[in-house]
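Per Swiss-Prot, the features are:
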REGION    1-203  region 'Precorrin-2 dehydrogenase /sirohydrochlorin ferrochelatase'
BINDING   Ser22, Ile23, Lys43, Ser44  NAD(+) binding site
MOD_RES   Ser128  phosphoserine
REGION    216-466  region 'Uroporphyrinogen-III C-methyltransferase'
BINDING   Pro225, Gly301, Gly302, Asp303, Ile306, Thr331, Ala332, Met383, Gly412  S-adenosyl-L-methionine binding site
ACT_SITE  Asp248  active site, proton acceptor
ACT_SITE  Lys270  active site, proton donor
Amino acid sequence: MNYLPIFIDIKQKPCLVVGGGSIAYRKINLLLKAYGQVTCIAKSSCKNVAKLVNNKKIIYIERSFESSDVNGQVLIISATNNATLNKKVSELASQNNIPVNVIDSPDLCTFIMPSIVDRSPILIAISSAGKAPVLARIIRAKLESTLPHAYGKLAELAGNFRDQVKAKFSRIEDKRYFWEEIFSGIIAEKVFSGKIQEAKADLQAQLNNTVEAQVGAVYLVGGGPGDPDLLTFRALRLMQQADVVLYDRLVSDRVMELVRRDAQLIYVGKECDNHAVPQGDINQLLVDLAKEGRRVCRLKGGDPFIFGRGGEEIETLAENGIPFQVVPGITAASGCSTYSGIPLTHRDYSQSCRFVTGHLKDGSMNLPWHELAIEQQTIVFYMALNSVEYLSGQLIIHNMRPDMPVALVEKGTTPEQKVYITTLKELPNLVENETIHAPTLIIIGEVVKLREKLNWFDAKPISSKK
């Protein structure tokens, strides 16, 4: 190691920043976050520094730096574009044994400022020892995207119970095991969901041994349309900590690769007239697994509340007193249209959009066809590949133009995506003559014409215009 990573307590202690520009402002903000008493010395200041002065957050001295300014300081940062001045500040600080940092000059520093992931009281510092600051910032960004902001609240909760845990467990191993269970379990998830008081009560009950049988939890997670990059941070976190994953046919293989490696996987996918597990059995299985104390991820393609029967599943959970949370996902209509270069609404072509299922409860398609056939709107059909002849006929009967543009998006947002462009009249012929597989989304409306201009993701569409 070129540097020893340490954390310095500057709370209510005098810190000096030389310079009043935008870089100085960023450093001042860091010092203020650590409750340092900041003095800024510069001939002029930027608007943000001036605002701090007006709000009495810092002391500002409008003049050139003088040698005596280092007296009494516990930490100094020089953030000017004057190399001679920066060197002078560094030398004076070093002579007085005061830690000093000079921006973009590692050779003049006795300490360097890392990139910081702040989940106070949890702090993560990333440094490249001054070799590649941009790389350190990229690493920081990756960490920012994976660590919930509520980790700080979890640490504070643990701190409040630290003495009780020390009193209860004499062996270090027992303490460690207890905290590992807390930090990776349901109590932590309650903190992440903002249920601090519930988490506090559960932790206290666990310490008091009043929890007879720890009930698990169910995470109803939207897996998006296929591209794993479209998962939310929360979805990914819950997928990676679940003990059991119940997944659908529409969840892509690349999304499934991100679930916890040692989790039990249970396939409960459905196809037309072929349900691997009936919906009622799925609902009960979620209850049974949670009652065993397991963390269950119910992973669905798209969004669980848009034609995903998620509402039915959590109704059963609520009736049985099972804790659950729902994580929205990017629905297929949004993902597939975006990756096809087809905006669902457009000022010139469509002022509204309707999502319609082509697979109704009783097997019929008893839809408000006269409403669907009006102009200036986009219709998106889910699960309608086997019903294209009927839906095409009904829309034409209800006065939608036979030449209305139609797009079929097969396996949208994935590397296997295919987009077929046709018209409402020719839609049945296209499906009959081409080998098109589910999942396929059908988009109907003038906005489909924009694909030729706005397509960004895949190759040219397969067309069947006649």
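From the backbone N, Cα and C atoms, a Cβ is placed for every residue, glycine too.
Overlay of Swiss-Prot annotations on the structure.
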| residue | record | Cβ neighbours (10 Å) |
| --- | --- | --- |
| Ser22 | NAD(+) binding site | 12 |
| Ile23 | NAD(+) binding site | 17 |
| Lys43 | NAD(+) binding site | 11 |
| Ser44 | NAD(+) binding site | 10 |
| Pro225 | S-adenosyl-L-methionine binding site | 31 |
| Asp248 | active site, proton acceptor | 20 |
| Lys270 | active site, proton donor | 18 |
| Ile306 | S-adenosyl-L-methionine binding site | 18 |
| Ala332 | S-adenosyl-L-methionine binding site | 27 |
| Gly412 | S-adenosyl-L-methionine binding site | 27 |
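Around the Cβ of Gly302 (S-adenosyl-L-methionine binding site), the same chain contributes Gly222, Gly223, Gly224, Pro225, Leu250, Gly308, Gly329, Ile330, Thr331, Ala332, Gly335, each under 8 angstroms and 6 or more positions distant in sequence. As a whole number, the greatest separation of Cα atoms within the S-adenosyl-L-methionine-binding residue list Pro225, Gly301, Gly302, Asp303, Ile306, Thr331, Ala332, Met383, Gly412 is 17 Å.
The region 'Precorrin-2 dehydrogenase /sirohydrochlorin ferrochelatase' (1-203) scores a mean pLDDT of 94 in the predicted structure. Note: the CA-CA distance between Ser128 (phosphoserine) and Ser22 (NAD(+) binding site) rounds to 23 Å. In this structure, the C-alpha atom of Gly412 (S-adenosyl-L-methionine binding site) lies 58 angstrom from that of Lys43 (NAD(+) binding site).
Note on proximity: of the recorded positions Ser22, Ile23, Ser44, Asp248, the one nearest Ile306 (S-adenosyl-L-methionine binding site) is Asp248, by Cα distance. Same-chain neighbours of the S-adenosyl-L-methionine site beyond Pro225, Gly301, Gly302, Asp303, Ile306, Thr331, Ala332, Met383, Gly412, judged by a C-beta within 8 angstroms of the site's C-beta center, are, in sequence order, Gly224, Leu250, Phe307, Gly308, Gly329, Ile330, Ala333, Gly335, Cys336, Tyr382, Pro439, Leu441. Each residue contributes its Cα atom, and for the residue listed as 'active site, proton donor' and the residue listed as 'active site, proton acceptor' these two points are 7 Å apart.
Other C-beta atoms found within 10 angstroms of the C-beta of Ser128 (phosphoserine) number 16, with every protein chain shown included.
The NAD(+) site is set by Ser22, Ile23, Lys43, Ser44; from the centre of their CB atoms, other residues of the chain with a CB within 8 Å are Gly19, Gly20, Gly21, Ala24, Tyr25, Ala42, Ser45, Cys46, Val49, Ala79, Thr80.
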